[in-house]
Each structure stands twice: as C-alpha cells, then as structure tokens.
Amino acid sequence: MTSKGPEEEHPSVTLFRQYLRIRTVQPKPDYGAAVAFFEERARQLGLGCQKVEVAPGYVVTVLTWPGTNPTLSSILLNSHTDVVPVFKEHWSHDPFEAFKDSEGYIYARGAQDMKCISIQYLEAVRRLKVEGHRFPRTIHMTFVPDEEVGGHQGMELFVQRPEFHALRAGFALDEGIANPTDAFTVFYSERSPWWVRVTSTGRPGHASRFMEDTAAEKLHKVVSSILAFREKEWQRLQSNPHLKEGSVTSVNLTKLEGGVAYNVIPATMSASFDFRVAPDVDFKAFEEQLQSWCQAAGEGVTLEFAQKWMHPQVTPTDDSNPWWAAFSRVCKDMKLTLEPEIMPAATDNRYIRAVGIPALGFSPMNRTPVLLHDHDERLHEAVFLRGVDIYTRLLPALASVPALPSES
C-alpha cells in the first residue's frame, strides 16, 4: 500500500488527521476543542447538534440525522473523544502531528483508539446524505468524554440522564479492536472490571526477630491463592484453541504497599489486583471465593473494591437478534469475515448494554497490528477509508431494520 501525495489526499483522511491533532489526551484533555470540532461538522452536514454537560467540564456532543419514522427506536453510534497519555521519546513522530509517511501510515495517539471511528461515522453519514438517502430510523452519533479513565464522568452518567433516554436508542455500535489477520473482530459482550485491594494487618516489631502472625505472611497467602487462580485460568485458555482471552477471567497483581523502614516489620500491608471477570462467571460465588481466601490467610485480612462492575450483558449473535442479522448480512455481502468475541477489557458499551440496549463493539481495521495505547500507534489511510466504505453499507441496513414487535 502506498500513499497519495498531499495534493491528492482524500478529504476524509484530511479530516481524520485534523481531528487527531486535537490534544484530547488524559489527564488534561482539551474537550472544548473537540466539542467545537463536532459542532462545525454538524453545521457542515446539516445535522442536529446537542451538547449535554454530564459533569462540570464534561460534555457529550450528540449529532442527529432524523429518520422518516419517529416511532421507531434509533441507531446510536458512540465514540469517545479522549486518548491515553504518550511517551514522546518512544515515538518515531510527534504523536499529535498526525504525520503520514510515504507508505500511507498515519502516526498519532488515537489513530486506532478511537478517533478513526468517529470520523468514519461522520464520513459515512456525509456520503449517504450527499447521495440523497433517508432511512426510517434516526441515527445519533455521540462523542463522549472520559472513557479512557473509566467513563465515570462520561457515558456512565449520560445513560442516566433524560437526554439519553430521549434518544430512544434501540441498537448501538461502539469501539472494537484491530485484527492483524484478514478477519474483523466484533465484540458482543465484555468482561467486568473488579479492582480489589487486600489489606493484611499483623504484629509489628523489630525486623531482626522471627515474629508470628505478621501482615506479610498473611498477605503472601492471599497473593499465592490469587496467582494460583490466575495460572489455572491461563492454562485453561492455553489448552483450548476455541477460547479467546475474553472468555476466561484474568487477574494481575498491580500494586504492593507497606512498610516504613528496612528494620521494622510493618503492621499493615496491602496488595491491589485488577480482575477482568468473564460474563458467564457466577459473581456471587466468585466474591465468596475471594473472601474465603482472605479468611483462610488468618485474622485481620480484609478486601475492598475500588471498582466492581456487576451488570454484564450479552448481545446475541444469531438471527434471533434482528440487529445482528442486519449487521452480519452486510458483512457477508461485503465478504468480510467476522470473529465474534468477548471484549477482554472495558469500554463504554458496558454502560449502554446495562440499560438494555443491544450493542456491538466494532472497529473495521483488519490486516492491522493492534497498537492501541502503544508507542507509534498508527493506521494506514487505505484501512481507514475502507472503514468508511463499511459504515456506508452498515448504516442503511441498521437504520432500515423493520419495526420490532416492541415498536408496533
């Protein structure tokens, strides 16, 4: 794949690079510039534009293309505007320059996650409007802050607001992930993030002594139990070629805290873990297992949750789901191979599914290395433009799904 010269650059690519240059990077994203960018897109495309401030300084921008039948539920195209931090010294090019090399690769933070999707939505809608199309169902595009740090000041609040309910969303698309093969990954569910801190208290004393009932000994027992569980899940994944990472529960020890000096046995120590719990797990039984490991370690061992998502939802991927039927039919017609999976991480789709809206996570980037959050995150312009083509086919099918029994 080679690149066109600057004078020949596709206008969609130019717009993509313009958006990439907006520094919506955590922890201090320039959300105001992003909102202004989408307001201008709405003006140019003749779309409705609504700004919803879900928390001070956190604005969800909603662009709306009305359908011909307002009694039908709408299509929601969601994307987040923030991106993760960068280590500039590890990048070949400035991560906010949107540099395009001679081969057509665009280097920028957000190139894959997920500013490409935002522009692909917009450009697909632009094409369809220019061609004079109208569809029965309204299409809403939501551009949401805060996803990269949990969405607690973004989609989590937005789905609770009357402005969200007024959208009457019947189906949603959000981000997926690149796929290095010919296939396209599509996510129909997500693992649930549980952030757990285990605290152990014990006898303090001088570090030259063999003290009993120390905080470290008891914490070691819990850590060993959890890491043994981790190994068991890892082996289950490795031994079954049909399982994907999102189908098992992962855990990583992410923080150890305790101690005041080399020669003092600490009275308190703690370990923090990031669990990603598979949607088919019995959450009550799993929490009881965590508690039992703490109890088995001895007195004075407790756990607390910094985050505990308890609402896993699965969007059916068969013809019983008319949204999936429409989505997969277009992909089949375009000869796109789909690989349905459970998202191993967490996205804003979990909040959307939790309020009863079926949703798929889909980023049309095949033959592309997975570089989200990585140094030199990049996307080839041809892959980006192919994504616009795909959405240009998907949106008419989804926005023309016949009235469901609940809508008649």
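Note: Cβ is positioned from N, Cα and C throughout, glycine not excepted.
Note that the structure is a prediction, hence the values are computed from the model and not measured.
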Which residue of Asp113, Asp182, Asp333 does Swiss-Prot report at the same Zn(2+) 2 site as Glu148, His373?
Asp113
Swiss-Prot has Asp113, Glu175 binding Zn(2+) 1. Which one of His10, His80, His220, His242 is in the same site?
His80
So how many other Cβ atoms are close to Glu147 (active site, proton acceptor), meaning within 10 Å of its Cβ?
27
Glu148 (Zn(2+) 2 binding site) to Asp82 (active site) - Cα separation in whole Å
6
Nearest by Cα to Asp82 (active site), of the recorded positions Glu147, Glu175, His373, is Glu147
State the Cα to Cα distance, in Å, between His80 (Zn(2+) 1 binding site) and Glu147 (active site, proton acceptor), rounded to an integer.
6
Looking at the binding-site residues His80, His373, which one has the fewest other Cβ atoms within 10 Å of its own Cβ?
His373
10 Å Cα neighbourhood of His373 (Zn(2+) 2 binding site): matching recorded positions from Asp113, Glu147, Glu175:
Asp113
To test your reading of the Zn(2+) 2 site: which residues beyond Asp113, Glu148, His373, same chain only, put their Cβ within 8 Å of the Cβ centroid of those residues?
Val83, Val84, Gly110, Met114, Leu372
